[in-house]
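Participant: One structure, pasted below without further comment.
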Amino acid sequence: MMDTSKDDDMEIASSSGSRRYDVFPSFRGEDVRDSFLSHLLKELRGKAITFIDDEIERSRSIGPELLSAIKESRIAIVIFSKNYASSTWCLNELVEIHKCYTNLNQMVIPIFFHVDASEVKKQTGEFGKVFEETCKAKSEDEKQSWKQALAAVAVMAGYDLRKWPSEAAMIEELAEDVLRKTMTPSDDFGDLVGIENHIEAIKSVLCLESKEARIMVGIWGQSGIGKSTIGRALYSKLSIQFHHRAFITYKSTSGSDVSGMKLRWEKELLSEILGQKDIKIEHFGVVEQRLKQQKVLILLDDVDSLEFLKTLVGKAEWFGSGSRIIVITQDRQLLKAHEIDLIYEVEFPSEHLALTMLCRSAFGKDSPPDDFKELAFEVAKLAGNLPLGLSVLGSSLKGRTKEWWMEMMPRLRNGLNGDIMKTLRVSYDRLHQKDQDMFLYIACLFNGFEVSYVKDLLKDNVGFTMLTEKSLIRITPDGYIEMHNLLEKLGREIDRAKSKGNPGKRRFLTNFEDIHEVVTEKTGTETLLGIRLPFEEYFSTRPLLIDKESFKGMRNLQYLEIGYYGDLPQSLVYLPLKLRLLDWDDCPLKSLPSTFKAEYLVNLIMKYSKLEKLWEGTLPLGSLKEMNLRYSNNLKEIPDLSLAINLEELDLVGCKSLVTLPSSIQNATKLIYLDMSDCKKLESFPTDLNLESLEYLNLTGCPNLRNFPAIKMGCSDVDFPEGRNEIVVEDCFWNKNLPAGLDYLDCLTRCMPCEFRPEQLAFLNVRGYKHEKLWEGIQSLGSLEGMDLSESENLTEIPDLSKATKLESLILNNCKSLVTLPSTIGNLHRLVRLEMKECTGLEVLPTDVNLSSLETLDLSGCSSLRSFPLISTNIVWLYLENTAIEEIPSTIGNLHRLVRLEMKKCTGLEVLPTDVNLSSLETLDLSGCSSLRSFPLISESIKWLYLENTAIEEIPDLSKATNLKNLKLNNCKSLVTLPTTIGNLQKLVSFEMKECTGLEVLPIDVNLSSLMILDLSGCSSLRTFPLISTNIVWLYLENTAIEEIPSTIGNLHRLVKLEMKECTGLEVLPTDVNLSSLMILDLSGCSSLRTFPLISTRIECLYLQNTAIEEVPCCIEDFTRLTVLMMYCCQRLKTISPNIFRLTRLELADFTDCRGVIKALSDATVVATMEDHVSCVPLSENIEYIWDKLYRVAYLQEHFSFRNCFKLDRDARELILRSCFKPVALPGEEIPKYFTYRAYGDSLTVIVPQSSLSQNFLRFKACVVVEPLSKGKGFYPFLKVNVGFNGKQYQKSFSKDAELELCKTDHLFFCSFKFRSEDLPSKLNFNDVEFKFCCSNRIKECGVRLMYVSQEENNQQTTRSEKRMRMTSGTSEEDINLPYGLIVADTGLAALNMELSLGQGEPSSSTSLEGEALCVDYMITEEQDKGIPILFPVSGN
């Protein structure tokens, strides 16, 4: 089905750019229909001029159908006859026509059919009488609107029938006039950015100068890139050259009547192109019959059906000479299938054009206002330079304030505009189901990955081709997948929508918060196919806590990539069997679960893991292609690879515990890459390996390997196979038994053997060569492309390389005995890279050579080199760090391609040439040139300029450095000020002036709009707060003399980090600002600061240690995002508000050495917090659930430190003791009686009574008394606990917060340890538990308390919310109100008599535990109506 009114991909053109009709006739039917009008329409039809159907039903009011027809016509012909004004219909039509003339530039042609124009204008004569009759009973407003329209149209240029010799003559001229006007190119597209370039390019493909050719052309490109807009503009431009033309938009349809659909297509096209609405088609082929002799222009838009093309434009020969057919589609294969070879690809606009497009939509001009520049750049970037996105986003932001733009940015960054999504979604919906799946895989997991890598994982080649041909992905020249960021967002939105808000039901997870929820809550389902934690989220402040059964519900999971995150408190018992990718760096497992079979595994990547082995036995590894275990230091063995017949890459770099490879590696006949460098313990290789596909072998840094492996690489033992081979051998002293094919690498000989003839050798790497020269004479090295002789400290000369004409890379780093290079190096015309770093003996390079291809020259560390090297005029990157060069010659101006020049630490360099212009130079690094006092004018091309640690006294004029992005002037102590021309650096992003101790002030009245990073740390003379940019993100002012922060800091809306450490004069911060983006504030060491900073409530990390702050105020609860609060050594601090416990994200709060603290926290606050976090759980549910909830509540306090807080009152100390399940340190000299088992020294044994074996204790609390460290004594920054029972051993280290070396006196250190459920005493039936504590501090005492859980169920009464419980110990008795249900008590091993009373009645149950009598007081809190009492010990006596 065809839809000729479909909206374009880009709603840029005005409404006049989409005209459906050429002519709209307005007339009084009974006056002209059967005479004049019928003759006129016949003439128009003959010239293929389209007009509105005159059979539309007419009434007293104009309906929407006719109103639309008026607006969609290019010309309105108004036929004024005697009775025209008798029709209110006609008069209302005329009013609308006049509006379109005024507002839409519609052309109007009046025809005066036997009436006088002046009578129409003034409503006089017979025409006037008819008009007055019609106006009776009409409102005055309606009458006036008619009069105005009549008066306006009557004076327009038109046709008066009375002035023509015949009606036929006038009609013929009128028709020609209309034809000329409709064929005049429209200017509706003239204001579209870049449109003319597209039109001219397509016109050249169309070969319009050829009058005989019939040409079909395709316009192809991604959805939203503007294909249809370009097509409409092109159609408008070309229409004047074709009498017969049609613009048809395809619209997909469903149905089984294929024949009927084709006939409708033909009718639609012929009606459009011939201007006949009543065409009847009863058989196929009518298009060819009717248009065979006609020169036509046909443009088919948004085509997605080959059948559509075959039906309408089957062959170019169907049409007359000079015809042009243009097909617009997103599917390149469709064009190929229709044999359209001339294809114009619409590419993305440049960044400059994209910005202009955005600005046209948003601001109505070509560039943004100054204060919108950065925002406009970011929006254009978010739109990915896609015209659709640029237009829609620009329009949505048009007329909005800067604040609105800023508030909208997070939404634009994270989501997809609805209008954009609607357009892009069409492309997705048209895909086959399998191609839709492939689209989602790439959008959610694999955008930016290498094609071959993803093809192996997905086992799908067809899908890539389909998505590429439909412009949904692009394959880069180097073989990587590239999907537009808006399409990527579309895919992720589609996947998210299907899950209905439940991350566990999605197919793909790529967001840390979602992954964290699914993994920790174990809510993953069989729907889940892929989990990929993006690299930028690897280092989140929260760990990804993986449970042993986290992946159990994800039985269809195929792709798991969690990078450096994955904290596994206990072993993993399950991995999905369908995994194809397992990528888990730093994995804490010792081996993979025994249930994992690896049958589908394609890529196994576990770098930096704690693995000792992967698995036991032989697994079906037929799909495995890559195994990467590099730097798995504990790995002792590689599993049986007998069935890994498709393995191509094995990376074992740095596996320091690996001794050998299994002999089964010989089955990996497709192995291409084997890297075992730095396998320090590797002793032997399997013998007689036949790895015919091996191309790369690296055994460098394997000092214990004594026999070089005899590997058949290619055709034989002796010769290299044809092709490229690389052998890397370092520390070659062990190469005693090299096979014959490698004997030219025997580094024990004086030099390489004279029969050395490696004609096929492409790369020769002999790093660490022990002798003075490599070989004698000239060798035939015609295939050699790279040579590396680095670390060959005895090498005095390099061999003659005059025949190595293909050599591109020569690496001679750290060849300390080399003094010069031979002049024959001038023959290396293909040499691109020459590295001679740390060749300390090198004094000079040849001067009469010009290596025409040399782009990179690195002579860093050649400390004897005094002359500037000029061995190539095409150098791009030149590194001369730490050389003895004292002067740069003016001939450096010949290096027109030089992009980077590094001369760091050239201490003899004093001046630079002033009369050169390095037009390509972008990076200049002169850091550490301590004799350099002046600097010439900076060229326009410079982007990165580093002048750190120089003697420069002033900065030159910066007016031309308009492209400078990064400027470093650190430690330029002679600099006092900066030039005002710094204001010209509108592209400057980072500016550093650390330790410029002479700097007193920065220029004012400048706003560096792009500046994000400003570092003035150590500018100890700087007294005024710098306000040189309102867009700063990171601001460093450590150790400056600033005493006051102005309230204008509130303008820094993008400021994320403010660091003002050691600003000792700073006393107060403004209170009337709220920096909405500030996340990190560091005021540590501001010793005069007395008040808590209140400049932002969005802070996440707040550093206030060593300040004079006296109170943490109540409003701390407003800091809802706070995760870190450092206030140690605040000697004046006295009070900490209990509201600090309302901060649910707080993970670390350190008040060490706050010796004045008296009040800290509050019982009621903690209790309320815990009540909020523990929810009702059915009695039948595993008791561990309750403890997990308590554990998470305790996480709020897990990083609280009160070391050396000697004035803590009793309430605060008791609170810390009973509520913390994680490490805490505070002053103390003896183990509290709360700990039921105590002993002197560092160990104790707990005897578990037989009566307690039915109990479940899930954790213990421990406490040790430690002495402060002696001066000079080494220490471990952690406490280690060893627990032994029934032959099992637990070990736990507490390192993050147990900085015991900072303690000034004896301290208590509390910690908690959780047992695994399978090790409960009721399951293992053990009688005692041994505890051993280890610490660098001497441990004076230790204590332990076992934490028990008991369940009580009673089905008789469940509706009562308050009950009584009497706890008796010895002779003491206390009544406590308690809600009925689940009793959670950490009873220790005390003898407790419990009586559970229901209301005021008799006890319904009692429990008695035998043992020594011990009184314990408890505080009981109630979760109302949920049946969960929670008991907290108050004290032990």
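Placement of Cβ uses the backbone N, Cα and C atoms for every residue, glycine included.
From Swiss-Prot, here are the annotated features:
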type	residues	note
MOD_RES	Met1	N-acetylmethionine
DOMAIN	19-182	domain 'TIR'
BINDING	Arg28, Gly29, Glu30, Asp31, Val32, Arg33	NAD(+) binding site
ACT_SITE	Glu93	active site
REPEAT	554-576	repeat 'LRR 1'
REPEAT	647-668	repeat 'LRR 5'
REPEAT	781-805	repeat 'LRR 8'
REPEAT	852-875	repeat 'LRR 11'
REPEAT	877-895	repeat 'LRR 12'
REPEAT	897-918	repeat 'LRR 13'
REPEAT	919-939	repeat 'LRR 14'
REPEAT	1009-1029	repeat 'LRR 17'
REPEAT	1054-1075	repeat 'LRR 19'
REPEAT	1076-1096	repeat 'LRR 20'
REPEAT	1097-1121	repeat 'LRR 21'
REPEAT	1161-1185	repeat 'LRR 23'
Participant: Residue list, the repeat 'LRR 17' (1009-1029) vs rest of chain: Cβ under 8 Å, 6 or more residues beyond ends.
Facilitator: 370-371, 373-374, 965, 970, 982, 985-1003, 1035-1046, 1048-1049, 1051, 1054, 1059
Participant: How about long-range neighbours of the repeat 'LRR 12' (877-895): same chain, 6 or more residues beyond its ends, C-beta under 8 Å?
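Facilitator: Those are 837, 855-870, 901-906, 908-913, 915-918, 925, in sequence order.
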Participant: Here are the binding-site residues: Arg28, Arg33. Which has the lowest count of other Cβ atoms within 10 Å?
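Facilitator: It is Arg33 that, of the binding-site residues Arg28, Arg33, has the fewest other Cβ atoms within 10 Å.
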Participant: Same chain, not part of Arg28, Gly29, Glu30, Asp31, Val32, Arg33: whose C-beta falls within 8 angstroms of the C-beta centre of the NAD(+) site? Give them in sequence order.
Facilitator: Phe27, Asp34, Leu37, Ser81, Asn83
Participant: List, by number or range, the same-chain residues at least 6 past the repeat 'LRR 13' (897-918) whose CB is under 8 A from its CB atoms?
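Facilitator: Residues 855, 860, 873-890, 924-937, 939, 941, 946.
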Participant: Report, as a single number, how many Cβ atoms besides its own are within 10 Å of the Cβ of Val32 (NAD(+) binding site).
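Facilitator: Looking across every protein chain shown, the total is 22.
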Participant: Averaged over the repeat 'LRR 8' (781-805), what pLDDT does the predicted model reach?
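Facilitator: Across the repeat 'LRR 8' (781-805), the average pLDDT comes out at 85.
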Participant: With H, G and I counted as helix, E and B as strand and the rest as coil, say where DSSP puts Arg28 (NAD(+) binding site).
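Facilitator: In three-state terms, Arg28 (NAD(+) binding site) counts as coil.
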Participant: Between C-alpha atoms, which of these binding-site residues comes nearest to Glu93 (active site): Arg28, Gly29, Val32?
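Facilitator: Closest by Cα: Arg28.
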Participant: Please compare the recorded positions Glu30, Asp31, Glu93 by how many other CB atoms fall within 10 Å of each one's CB, and tell me which has the fewest.
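Facilitator: Among the recorded positions Glu30, Asp31, Glu93, the lowest count of other Cβ atoms within 10 Å belongs to Glu30.
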Participant: What is the Cβ neighbour count of Gly29 (NAD(+) binding site) at a 10 Å cut-off, with all protein chains included?
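Facilitator: Its Cβ shell of radius 10 Å holds 15 other Cβ atoms.
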Participant: Treating G and I as helix alongside H, and B as strand alongside E, what does DSSP give for the repeat 'LRR 14' (919-939) in helix, strand and coil?
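Facilitator: For that range the per-state counts are 0 helix, 3 strand, 18 coil.
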Participant: Can you tell me how the residues of the repeat 'LRR 5' (647-668) break down into helix, strand and coil by DSSP?
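Facilitator: Taking the repeat 'LRR 5' (647-668) as a whole: 5 helix, 4 strand, 13 coil.
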